[in-house]
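Structure first, commentary second.
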């Protein structure tokens, strides 16, 4: 059985994904979680703390998915592709995660605690992608691997948002094609 805290965080995530930041209130979270308003306030005395908890949980979900892809028993190129696709999140079944991710990035632009967590997570992701690039192409120097990882991460972030915000222009299939093209460039040892 899920803990009361877990139900509250899950309710916040559902409300965020459905209606953005304005949809999150103590009353709505309590109703969705099936707990009292006092229980929500006990765990989260402010709305900022509620949003921070939802963002932290989301970051954890993405990092877990990324590490699962990177740890698969596959060639390094396939693990790299799996990790980047986990960031893009093209599967329509995971749309909620993509919406929450776009909201997290927007909040990071105006909220320093969220930005701090985002920077920490993205540095770890970039490091992991660089590591997978080096495993895939041992002749790529560390500096180039870092730059290529940063490029892949930027492309993945942009595509993740585009899939959610502009689905007609960026359907999941097109996003996957673009990731595959970016990976070909990143893995090309002739590139500086």
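Glycine residues also receive a Cβ, built from the backbone N, Cα and C atoms like all the rest.
Range annotated as DNA-binding region by TrEMBL, chosen from 5-24, 25-44: 25-44. According to DSSP, the DNA-binding region (25-44) comprises 15 helix, 0 strand, 5 coil.
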